[in-house]
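Let me begin by presenting the structure, written as structure tokens, before commenting on it.
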Amino acid sequence: MDCNPRSLLYILLLLSSCVTSAFPIIYPPNEVNLLDSKASQGELGWISYPSHGWEEISGVDEHYTPIRTFQVCNVMEYSQNNWLRTNWIPRQSAQKVYVELKFTLRDCNSIPLVLGTCKETFNLLYLETDDDQGSHFREHQFSKIDTIAADESFTQTDLGDRILKLNTEVREVGPVSKKGFYLAFQDVGACVALVSVRVYFKKCPYTVRNLASFPDTVPMDSQSLVEVKGSCVNHSKEEEPPRMYCSTEGEWLVPIGKCLCNPGHEERSNTCQMCRAGFYKSTLGNMECSKCPPHSFSHHEGSLHCGCEKNYFRAEGDPASMACTRPPSAPRNVISSINETSVILDWSWPEDAGGRKDVTFIVVCKRCRGVADNGSISGTQHCEPCRSSVRFLPRATGLQNTTVTVGDLLAHTNYTFEIEAQNGVSSLAPKMRQYAAVTITTNQAAPSPVTVIRKEKTSRNSVSLSWQEPERPNGIILDYEIKYYEKEEQETSYTILRARGCNVTLNGLKPNTAYLLQIRARTAAGYGASSPSFQFETSPDSFSISSESSQVVLIAISSSVAIILLTVLLYVLIGRFCCRSKSKHPDEKRLQFGNGHLRLPGIRTYVDPHTYEDPSQAVHEFAKELDASCIAIDKVVGAGEFGEVCSGRLKLPSKKEICVAIKTLKGGYTDKQRRDFLAEASIMGQFDHPNIIRLEGVVTRSKPVMIVIEYMENGSLDSFLRKHDAQFTGIQLVGMLRGIASGMKYLSDMGYVHRDLAARNILVNSNLVCKVSDFGLSRVLEDDPEAAYTTRGGKIPIRWTAPEAIAYRKFTSASDAWSYGIVLWEVMSYGERPYWEMSNQDVIKAVDEGYRLPPPMDCPATLYQLMLDCWQKERNNRPKFEQIVSILDKLIRNPGSLKITANTTSRPANLLLDRSSSEAPSMGTMGDWMDGMRTLPCKEAFSGVSYSSCDTLAKTSTEDLKKVGVTIVGPQKKIVSSLKALESHNKNGPVPV
Ligand code: AMP
């Protein structure tokens, strides 16, 4: 092929088949074109110099889009210098420009006859100017960029075909600083076709990274990077300032920092979009919006949190992601176990914790007073918060476990405990809060021991002591008992003092001697345990004193002697006048015992009113005369020997109105009756003890004559127990018994023998406190329907009385102890009649033969043992009331010991009637069997009936028993069941008659 213009045209026609890309060229986004020859459809208007050098030719590209190309091929001629200059190209913001050339170049070898002149390169040059210079063209002004050689050229194939190769060369130009520039192509004798020329510069294009937008940025010409600050997209906030670097190649590098979507927005395709309804986002961040948690909702887009449904709440610290919750339901299955004045409350977890884990419990203590109705609490209750001294273990609020121990409650008091389960939202829904309540009545309890004793002052013969009230008084402390003895004597001889306050001075001590001392407090519930032994020593006998001080001592001693003599004289004189008077409330009462017995009679003793010449004088000495106008009678509550017993109210001036019982003397009485009636007040008025019925006063100066005593809401103990059969706990019963024993101890200490101690003569108040009542002298037994005449004359309540008192009227505190044993039996059998319907004669006989009442049903073994001890034939072997009190105190302190019942332990063989056993006796004869049964009343009854065999007897029914006088249910059942057992026992053969 030769090198004329036509053959070049042929080259261009071939071009379209050589371009491999079948698609329009898309330039990279980081390249900004300043010139693209292909984009121009019409003439480019570049300057060609000389004019026969480069020529502009139209063609089509591979897509048949028209393009403009330039070519030159003056290879046949020498000294070629053909210039082609572009139009002025504005620089824009470019710092460095790139020139991309696409061209074809024929290798000289393929052109025949051109050797020596043909070239295979051309030059690329440029010229910077601030303005377009039009057609003005100066060769020398241009600077060379590079000599461009073809990588590819026309090459010959084996078949002799020529294949056109398109060359692409890119050259950098820069830095450029003027407003624009020209490019020029210098041909020095090559055959070249310039298919396209593109001039561009590079930039880092607008982008969004990490929710920050970065603008188009033109890189620097130098090697250094351009730092670019990003700005956060809408609804986002900078977490760390966003930055990126734009490289010289137009690439974004090293993104630093970022922006986060605002609450209520989430990241979606490089933007922050609002959360949809039903979703929420409460925090700044690029996490997705979350679905509303259970029991909450969001109706709007862009919610920061979800609102709670009705009756559901969110506590202050609850995260938005947490479900809405509600207060828990009430605790379940509250169980209380009472131990004296403390109670353990146990309950189950609430059924519904409200959806939370922070459930705790609070226990509210209320002290409730109901209108007492025979010991039970009626419907109307008045409650007040418990005293702050009530102790909760571990605490009353914020309990994590389902149990609490409440201590230091008052004895015999009704309490209501409200147990509420609480969680974090309870305070937000006060109306939804629920609690479980339990009502309890505490038992009686003695005060806790005194633990702190201090020695204040010691001298040769005296010591002053003070102490702290017991930690748990369990009631009002009536007084303290101080017992002390010489350490050496080891309690064989001791002294007892009583003090109302918490200090005492012990006088009359031996000098230089060690003493041991114990203190115990007393309340209505009796004595508490003694304090640990406290040792003190008096000062030595001989100690040196200065002559000056000895003078003072001498004066002091002589004046003391004078004072003592004066006091003794006064005492003797006053004693003459007032030998029978008593101090009603002495602050200290001194008792002295030697070898455990009364040694010095300093104790206030009971004075028999009958020793007064005029018994009415005794009444006025021991009883307060009341004005009848202070007394209001309400109703009749019982019948006494001398008249009705009423309930009413007593209002003394400047005192609170109190409930009282009023015993009246019915009209038409004789002088003796009046005396006997008032004798009870004379006796009662001498006593001052919580377990002895208290006398308020008497009305003797107007009619009716009245004895006013404290009111005991539950009446007499026997009927009270029968009314509440099997309703009390063992501890409650023991509490009552302890009260009676404590009252009896007081009476025996006073030297008073009751003679008629029985449950019917014990009164019970609303707090279950038992008090001994019914004081009289000869009439005591006269007015007791239980009293029967003995062979020696006088009436005696046989079933309650000790054998020696029945036999020869030996009434002592020891015979009272026997009666106490019977009361014990009555209490434990809930008011059963001792010896049932046995005749008095049979009782006397049986007791004399050594038979004793059997243990009542479920009677604790210790209590039955105590009964048996009280029923010792030898009266000195019976326990003293002090011992009884201490035995009962031990039981109260250790209620577990009540669990062992007498029925289950081995019992003495000489029981009168064992109602709990149903074993058939294996006796030969009917008489033996009756003896074996120890059913004296029955034996007696059956003795008048003729039975031919045990078979006949075994067919006996309850009705038959009634006919023969066995009317009490206990023995009836026992006998019938024993007979039935006997019947089956005898099936094997007849029993000899
Ligand atoms: P008396 O004459 O002491 O045997 O009393 C007769 C009845 O009156 C008793 O059985 C009681 O039911 C009742 N009674 C006596 N004293 C009181 C009292 N202080 N409080 C309440 N009821 C009493």
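Cβ from N, Cα, C; glycine included.
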Q: Determine, on the basis of TrEMBL, the cysteine among Cys73, Cys308, Cys324 paired with Cys191 in a disulphide.
A: Cys73
Q | Same ATP site per TrEMBL - residue from Lys663, Lys672, Lys703 joining Val637, Gly638, Ala639, Gly640, Glu641, Phe642, Gly643, Glu644, Val645 | A | Lys663
(Q) Which one is it: of the recorded positions Glu641, Asp756, which Cβ has the fewest other Cβ atoms within 10 Å in this structure? (A) Glu641
Q | Listed in sequence order, residues with CB under 8 A of Val637 (ATP binding site) and six or more positions away | A | Val645, Cys646, Ser647, Ala661, Gly715
Q: Mind looking up the mean pLDDT for the domain 'SAM' (921-985) in the predicted model?
A: 36
Q. So how many of the residues in the domain 'Fibronectin type-III' (327-445) end up helix, strand or coil by DSSP?
A. 6 helix, 64 strand, 49 coil
Q) If one measures from the C-alpha of Gly643 (ATP binding site) to the C-alpha of Asp756 (active site, proton acceptor), what distance in angstrom results, rounded to a whole number? A) 20
(Q) What is the set of residues, excluding Val637, Gly638, Ala639, Gly640, Glu641, Phe642, Gly643, Glu644, Val645, Lys663, whose C-beta falls within 8 angstroms of the centroid of the C-beta atoms at the ATP site? (A) Cys646, Thr664
Q) How many helix, strand and coil residues does the domain 'Fibronectin type-III' (446-541) contain under DSSP? A) 0 helix, 46 strand, 50 coil
Q: Taking the Cβ of Ala639 (ATP binding site) as the reference point, list residues of the same chain whose Cβ is under 8 angstroms away and which are at least six residues distant in sequence.
A: Val645
